[in-house]
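Annotated ATP 1 binding site per Swiss-Prot: Gly174, Pro175, Pro176, Gly177, Cys178, Gly179, Lys180, Thr181, in sequence order. Look at Swiss-Prot and you will find Gly845, Val846, Ser847, Gly848, Ala849, Gly850, Lys851, Thr852 tagged as ATP 2 binding site. For 141-414, the entry in Swiss-Prot reads domain 'ABC transporter 1', with the evidence type sequence analysis. Residues or ranges marked as domain 'ABC transmembrane type-2 1' by Swiss-Prot: 492-704. What Swiss-Prot records for 808-1053 is domain 'ABC transporter 2'. According to Swiss-Prot, the feature domain 'ABC transmembrane type-2 2' maps to 1125-1339. The feature N-linked glycosylation site is assigned by Swiss-Prot to Asn116, Asn472, Asn899, Asn1040. Residues or ranges marked as transmembrane segment in Swiss-Prot (evidence: sequence analysis): 510-530, 553-573, 582-602, 628-648, 679-699, 738-758, 1144-1164, 1179-1199, 1228-1248, 1263-1283, 1317-1337, 1372-1392 (among others).
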Amino acid sequence: MIQTGEEDEEKATSLEVEFASGNGVDDEEELRLQWATVERLPTFKRVTTALLARDEVSGKGRVIDVTRLEGAERRLLIEMLVKQIEDDNLRLLRKIRKRIDKVGIELPTVEVRFNNLSVEAECQVIHGKPIPTLWNTIKGLLSEFICSKKETKIGILKGVSGIVRPGRMTLLLGPPGCGKTTLLQALSGKFSDSVKVGGEVCYNGCSLSEFIPEKTSSYISQNDLHIPELSVRETLDFSACCQGIGSRMEIMKEISRMEKLQEIIPDPAVDAYMKATSVEGLKNNLQTDYILKILGLDICADTRVGDATRPGISGGEKRRLTTGELVVGPATTLFMDEISNGLDSSTTFQIVSCLQQLAHIAEATILISLLQPAPETFELFDDVILMGEGKIIYHAPRADICRFFEEFGFKCPERKGVADFLQEIMSKKDQEQYWCHRDKPYSYISVDSFINKFKESNLGLLLKEELSKPFNKSQTRKDGLCYKKYSLGKWEMLKACSRREFLLMKRNSFIYLFKSALLVFNALVTMTVFLQVGATTDSLHGNYLMGSLFTALFRLLADGLPELTLTISRLGVFCKQKDLYFYPAWAYAIPSIILKIPLSVLDSFIWTLLTYYVIGYSPEVKRFFLQFLILSTFNLSCVSMFRAIAAIFRTIIASTITGAISILVLSLFGGFVIPKSSMPAWLGWGFWLSPLSYAEIGLTANEFFSPRWSKVISSKTTAGEQMLDIRGLNFGRHSYWTAFGALVGFVLFFNALYVLALTYQNNPQRSRAIISHEKYSRPIEEDFKPCPKITSRAKTGKIILPFKPLTVTFQNVQYYIETPQGKTRQLLSDITGALKPGVLTSLMGVSGAGKTTLLDVLSGRKTRGIIKGEIKVGGYPKVQETFARVSGYCEQFDIHSPNITVEESLKYSAWLRLPYNIDSKTKNELVKEVLETVELDDIKDSVVGLPGISGLSIEQRKRLTIAVELVANPSIIFMDEPTTGLDARAAAIVMRAVKNVAETGRTVVCTIHQPSIDIFETFDELILMKNGGQLVYYGPPGQNSSKVIEYFESFSGLPKIQKNCNPATWILDITSKSAEEKLGIDFSQSYKDSTLYKQNKMVVEQLSSASLGSEALRFPSQFSQTAWVQLKACLWKQHYSYWRNPSHNITRIVFILLDSTLCGLLFWQKAEDINNQQDLISIFGSMYTLVVFPGMNNCAAVINFIAAERNVFYRERFARMYSSWAYSFSQVLIEVPYSLLQSLLCTIIVYPTIGYHMSVYKMFWSLYSIFCSLLIFNYSGMLMVALTPNIHMAVTLRSSFFSMLNLFAGFVIPKQKIPKWWIWMYYLSPTSWVLEGLLSSQYGDVDKEILVFGEKKRVSAFLEDYFGYKHESLAVVAFVLIAYPIIVATLFAFFMSKLSFQKK
């Protein structure tokens, strides 16, 4: 709580002369003399110069330049100012305010008014279930051309009005879906293009169009979006640098000038702090150190943020980082959305206390929405805005809110948090329990009734009167509002973004090294395949040289693919920071362009250096460098193209298919697959739009106009010119520089497109809401009918399935990890306790105490580190394989398959995890009961969706996570923060359900951060931990928490708990690190010395002994269901995941249609007229195009899909839901019908357009070959995901894989010419078998004579001599083509079962 009065003012003087020793006159004189040296400096120098504490060597205070503070100096200064956050932060702010007031300077303030504010969103009305299936999407696309879609509007905010005042803290409360987030976004000026906004929002009487609201205020989102490679400090430093200092420097100059005039000597430490935080553009800012301290992030300041696949900070720390990222800036108007998610109540209280101090002392304007504020936290607020159904019910002082509802007959119970009461009073199901007039009948009071009553009340009338008066602009400083978009100058913004980009490249250096290593491997293979093919200058070897040049270009084209996924992975953070005006798009784009140039140049140089002389190109050194120049420029254009595609399309699916289409178009029109002279005249323009064409022109001109190709063949035509004529690439000797200029133009064009897309392209929005016609047509009145009392067995837990009660005991558990510096860090220290059947245990502690770590160790989820100690289940050592069968784990982060419904998620869990002898009817009844218990039955048909994009809200996902585990009927349930992200009412519902589960005799343990009094006293036992993973208390809380209160109040010096204080908040507060230091108590050691510890140890030892007649936990099989049932269940889920993922499948269908159509047009009827070898090679090129490019696209699409589902797979595999083989083969089988559809479409389009021979036999061979090819590419993509830790590595591996398949397909260089030491790679390459099947089946039996390199030959003989294809070998080809998918699919299943890249 905030301290006031003289006592605090006396404490406030303790730091004033800390740089001097003693309190005598000499010290005062020394201070004056040292300050005089600062005062003599020019104004600019004076505001960046301060006095720091005396150093130990000279014994004197030091004059320092605050722009050059080292890390140690910054930490020393912050430690001196804010040693204990609870007291020192208030003291610091008061000193700053006192200094400002002393010279008579007024701080800028902002008042935010909103009047009749309305927000509406468009919603699509459909018939049937509102589920986006493949068929629904196709129907929707067709209906757009036939008739308009039926749409309606949903009101999110409905004419709300109010005032958020400076100097006051306002709390925003309301149930989920009431419009809190929308209100916060609207007030901060974040209007989405997809919504319609009415009414007005004003800051200090100015409308949002008159200034820059995004810079004046800060909206802190409930989504934690950060760059995982950066550390916490680096994230805050970058944010502080980009947000600038606002008006701090002007205020500092004014203060300095006035103090000099009035001869005032400020507190040196405060002066140093104010000056250091007023300097713009610093790489490392003192404000960062201050925010790290205030938010408790100093302990993880140098830890990388991390993500789902990379270790990093905890969820609570990420939430605080999101807050700190914006609070570190100069804005004092803060709109904060659910900032306490994942935080313990003590940490939340501390943070909100600091914000309250900022509001009261610095006159900041702060509006915060919280889900479950503890009573102590609730008391910190001055005003409350209570919302319901998109309307404001109450907007007035906090102190009057209980009295307002008492007028309606509703009273908050004595041991009930007011915030919890306010959230539940809106609920039709919970309102009656607060009715206090037992002598009068209760009837449901609607939201509108509350609103009307408030408007008629004195509070409502007062608010209306204030809103009717115009704001007096003359009362505030103009610099309270921001009129500049960007805080930094252009050069400073570019420097900041460049520093960050360079750092990220260093952090991702392994990806770049891996990419270069694969390039070296491809180059080594290529140069040995084409070994000295250029030694002979004839048409045949010239053709091989063309193939080697195409191979180089194709490899460097694919080399740009990883840039696409890397760019997309950063777009989320970029969009957030661009919207906040951290920097313009060009400042972000230029460093990412320029710093990648050396990588492209290096890769191209490596390729040229390794291959040029070994393959046998023209030996002149000049031509070596000219080839390198073209290759590096081409590679740059490709990287730039993929970067631009990512910036334009923004999503991984849309960008991937566009990238694949780009590769297809570039290759088809590039002049190698089909010569320009063979293209239809009306499509010839495509050749000039492809960078690959210019690269081909430049490379071939460089080679075939060289002296060794200058031998005249006939009619003054040289050998080189003849080769170029055959390929349609003869554009003269000077075409090299034309091609080079064109490639430079492409580089500039694509990079300009990238910058423009980042600048003007709208950010990805949440998917449009879909509502069923039935729900839309339902009368509105039905929503306001009071709910009947629920008497179903769902609320009483009547369905009890058989299970074995189990006790988990753990003694002296320790856990160690190795830090990046190679040191060992202990996270758990000698934890002893027991989890008992029928007992609901809470695991509590401040953020970072090790709660989740202990839960992970006990449940067996840790994949790294060293675990010591003894863990037993039922008196026997824990065996993870069997333990996983009887335990459930609710993760902190809600990981679910996005394309199945809520009810299907539960059915899937019950199907695979309940014993096989439980019939389907019972399972379905249990699913229904659990849905009702956690109140998900109303949305059971809703698709889960992707977090932040579509589907369920955060709190609905949390309830789904719990429901999925409850329906599995485990004996032991571990729950990691089951109430995080839920409002007070939803948390109460969930914990009521959990309590019911525990009362059936199951063992349940939950980590919990912000329990209300009701929830805290629901638990039967408490395990309390402190920082360092040490045990502080283990035992029952007692009636009304009496036992835990009695234990801690027995320590002398501890403050007694106040009346109506939440015991959970109190014990977390008194056992914090700062409280221990203040009291001089080590609660961990005190617990070990206590009688309670000895009693607990005896109990644990008794429970650790197996009872007579018992036996260790074992099952007849590893999984609950048979392998066949597992496969069926997984296939059922995969079916819905694919069917309801139209973007995944429509893009693949669209690509095959486009590829087939382009091939049909470019090779129109060419299969009927074969007269020479080039005609046949061109037809072979069409087959190559139909095999390689759709396969590449399918491979890319499946990589995205499998990578997205892998975290779900890890969760389900840990729960022993199924064998990895069952999951893998279900994934394999579901691809079959979709690949068959693609093959049919391709065959139907291509066969008649290209003019292949119309026979059932040959058509079947084409269909069969393409079908097997697609399966091979699909399963290869799955295998790449199984082999790599993240999608970036998988895409990099894909690029190398494509290059190898392209090289050994038999098209670029035929089988007969491949050196014997590489021929095994030809037979290993699936594309070679597919192409052999296609070409041999079509022409292997054709005896027509054609002209081959000047002589006549039968087609079948040419195929055998040139390509090595025999019609008689088709039986072998057929066998290999079906064997390949089976082998690759088996490898995928094997590696999915053996490899895990999840780090815990």
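Cβ from N, Cα, C; glycine included.
One way to see the shell of the ATP 2 site is to take the Cβ centroid of Gly845, Val846, Ser847, Gly848, Ala849, Gly850, Lys851, Thr852; the remaining same-chain residues with a Cβ within 8 Å of it are Ser314, Asp344, Thr853, Met1025, Asn1027. The C-beta environment of Gly845 (ATP 2 binding site), restricted to residues of the same chain at least 6 apart in sequence and closer than 8 Å, consists of Asp344, Lys851, Leu1024, Met1025, Lys1026, Asn1027, Val1032, Leu1068.
Among residues of the same chain six or more beyond the transmembrane segment (553-573), those with a C-beta under 8 A of the stretch's C-beta atoms are 225-227, 508, 511, 515, 519, 522-523, 526, 592, 596, 603-604, 607, 631, 634-635, 638-643, 645-647, 650-652, 655-656, 659, 663, 666-667, 670, 692, 695-696, 699, 764, 1196, 1287-1288, 1291-1292, 1294-1296, 1298-1299, 1302. Here the candidates are the recorded positions Asn472, Ser847, Gly850, Thr852. The one whose C-alpha lies nearest to that of Cys178 (ATP 1 binding site) is Ser847. Here the C-alpha separation of Gly179 (ATP 1 binding site) and Asn116 (N-linked glycosylation site) works out to 14 Å.
Mapped onto three states, the DSSP output places Thr852 (ATP 2 binding site) in helix. Here the candidates are the recorded positions Gly177, Thr181, Asn472, Asn899, and by Cα distance the one nearest Val846 (ATP 2 binding site) turns out to be Thr181. When each of the binding-site residues Pro175, Pro176, Gly848, Gly850 is scored by how many other Cβ atoms sit within 10 Å of its Cβ, Pro176 comes out lowest.
Comparing Cα positions, Gly177 (ATP 1 binding site) lies closest to Asn116 out of the recorded positions Asn116, Asn472, Gly848, Ala849, Thr852. Most buried of the recorded positions Asn472, Ser847, Asn1040, judged by other Cβ atoms within 10 Å, is Ser847. The residues near the ATP 1 site, meaning same-chain residues not in Gly174, Pro175, Pro176, Gly177, Cys178, Gly179, Lys180, Thr181 whose C-beta sits within 8 angstroms of the mean position of the site's C-beta atoms, are Met387, Gly388, in sequence order. With respect to their backbone Cα atoms, Ser847 (ATP 2 binding site) and Asn116 (N-linked glycosylation site) stand 41 Å from each other.
Distance from the CA of Asn1040 (N-linked glycosylation site) to the CA of Ala849 (ATP 2 binding site) is 25 Å. Taking the Cα of Asn472 (N-linked glycosylation site) as the reference point, the closest of the recorded positions Asn116, Gly174, Pro175, Gly850, Asn899 is Asn116.
Neighbours of Gly179 (ATP 1 binding site), defined as other CB atoms within 10 A of its CB across all chains, total 23.
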